[in-house]
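Q: Below is a structure I'd like to ask you about.
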Amino acid sequence: MNPNCARCGKIVYPTEKVNCLDKFWHKACFHCETCKMTLNMKNYKGYEKKPYCNAHYPKQSFTMVADTPENLRLKQQSELQSQVRYKEEFEKNKGRGFSVVADTPELQRIKKTQDQISNIKYHEEFEKSRMGPSGGEGAEPERRDSQDSSNYRRPPEQQQPPQPHHIPTSTPAYQQPQPQQVAQSYGYKEPAAPVSTQRGAPGGGGKRYRAVFDYSAADEDEVSFQDGDTIVNVQQIDDGWMYGTVERTGDTGMLPANYVEAI
């Protein structure tokens, strides 16, 4: 069925049909409501679903309103409502905005370093909680505990040097009286000599590790090293700490296990 023209009411055939403003028009009937100038789809302007030319398009006029106390109150109330809504939207969206950062190797290295620092801090807090409060001594028990743990591993390294001094300057037959002389001079420390001798043998050929990060000593019983340094005579203390010697500097002490890798 062919529709009727919105202006003349006659049937509009497809060859002369204009579909605009939700209505159907003849091309000749699609003109300005005021001056009757024929319009097309490029130069018409619609107002209340009626076509107008640019010159006769109805202009919107504004009425001046006096600033009465009631109008001022309504204006202030509208501004307050807008401000409340703005704050409400701000609080809802607070903390949600974030920017996507590319996962580069540098960021991965920084993230891994931060995780390792957090692991070290957790280890320190664990040592503090294990010792418990100690009155007015403050942080002294923590330092003493770290020194005790390092001194527990140090005797194999400290008692190892005296052994080579006796080996090249004496024959095996002459070396037999040495443990007896130590026993006579120290008495109760007699068992320490054979234990030290047994542990000193594998100490020189201990495990070797390579540093994968730079580390600065946070305590006097720790050692500092740089990325690529070789750590020798390494001994495992626990899951988080090791004891060894930095081959480049010759310093011996505790070091974090997650800063090195086995060679």
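Using N, Cα and C of the backbone, Cβ positions are placed for all residues, glycine too.
The phosphothreonine annotation in Swiss-Prot covers T68, T104. For K75, the entry in Swiss-Prot reads N6-methyllysine, with the evidence type similarity to another entry. The feature phosphoserine is assigned by Swiss-Prot to S99, S118, S134, S146. What Swiss-Prot lists as region 'Disordered' is 123-209. Feature annotation from Swiss-Prot assigns compositional bias 'Low complexity' to 168-186. Positions annotated as domain 'SH3' by Swiss-Prot, on the basis of sequence analysis: 204-263.
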Q: Round to the nearest Å and give the CA-to-CA distance linking the residue listed as 'N6-methyllysine' with T68 (phosphothreonine).
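A: Answer for this pair: 11 Å between alpha carbons.
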Q: State the Cα to Cα distance, in Å, between T104 (phosphothreonine) and T68 (phosphothreonine), rounded to an integer.
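A: That comes out at 63 Å between the alpha carbons.
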Q: Measuring Cα to Cα, how far is S118 (phosphoserine) from T68 (phosphothreonine) in Å?
A: 65
Q: Check S118 (phosphoserine) against DSSP and tell me helix, strand or coil, would you?
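A: Its secondary structure by DSSP: helix.
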Q: What does DSSP give as the helix, strand and coil breakdown of the domain 'SH3' (204-263)?
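A: Here the numbers are 3 helix, 29 strand, 28 coil.
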Q: Could you tell me the mean pLDDT the prediction assigns to the domain 'SH3' (204-263)?
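A: Here the mean pLDDT over the domain 'SH3' (204-263) amounts to 89.
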Q: DSSP secondary structure for the residue listed as 'N6-methyllysine', reduced to helix/strand/coil, please.
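A: Looking at the DSSP assignment, the residue listed as 'N6-methyllysine' belongs to a helix.
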Q: Return the count of C-beta atoms lying within 10 angstroms of the C-beta of T104 (phosphothreonine), excluding that atom itself.
A: 9
